[in-house]
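Here is what TrEMBL says about this protein:
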- 60: active site, proton donor/acceptor (ACT_SITE)
- 8, 12, 34, 35, 36, 37, 54, 55, 87: substrate binding site (BINDING)
- 1-137: domain 'MGS-like' (DOMAIN)
Ligand SMILES: O=C(CO)COP(=O)(O)O
């Protein structure tokens, strides 16, 4: 599975705790992140993460592009709902595309944990079927 990890600045400590707690599981998948989030996750956990640009410099859009080509299977985006972001349109675009392509998306820690439990139980298997269909077409 391709999993995107994104956290706004005030949520980065939470992202580090989350990825540390689930590193045993996340390590079995391909991880993608916006620039600073990815760096913090790699430093804290040793997980291999493909890093895109920082969010305000286009990282959300790069992850959005993967969603638009149906290559992203899950998005964990720990948003800060209490701080205005200069790149709010990019954030909204990413959330919108996740809905367009029906990609499981968690925007807070509680939902992110539920997604991890689903992943562990193999409940994301349907995404592999979608990849298979794409290859067949
Ligand atoms: O701003 C972000 C998402 O909108 C996150 O970007 P960084 O991980 O580079 O801080």
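Yeah, the Cβs are placed from backbone N, Cα and C, and that goes for glycine too.
A map of TrEMBL features onto the structure.
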{"residue": "8", "record": "substrate binding site", "Cβ neighbours (10 Å)": "21"}
{"residue": "34", "record": "substrate binding site", "Cβ neighbours (10 Å)": "28"}
{"residue": "36", "record": "substrate binding site", "Cβ neighbours (10 Å)": "19"}
{"residue": "54", "record": "substrate binding site", "Cβ neighbours (10 Å)": "16"}
{"residue": "60", "record": "active site, proton donor/acceptor", "Cβ neighbours (10 Å)": "28"}
{"residue": "87", "record": "substrate binding site", "Cβ neighbours (10 Å)": "17"}
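Cα to Cα, residue 60 (active site, proton donor/acceptor) and residue 34 (substrate binding site) are separated by 7 Å. In this structure the residues listed as binding substrate are 8, 12, 34, 35, 36, 37, 54, 55, 87; their two most distant Cα atoms lie 17 Å apart.
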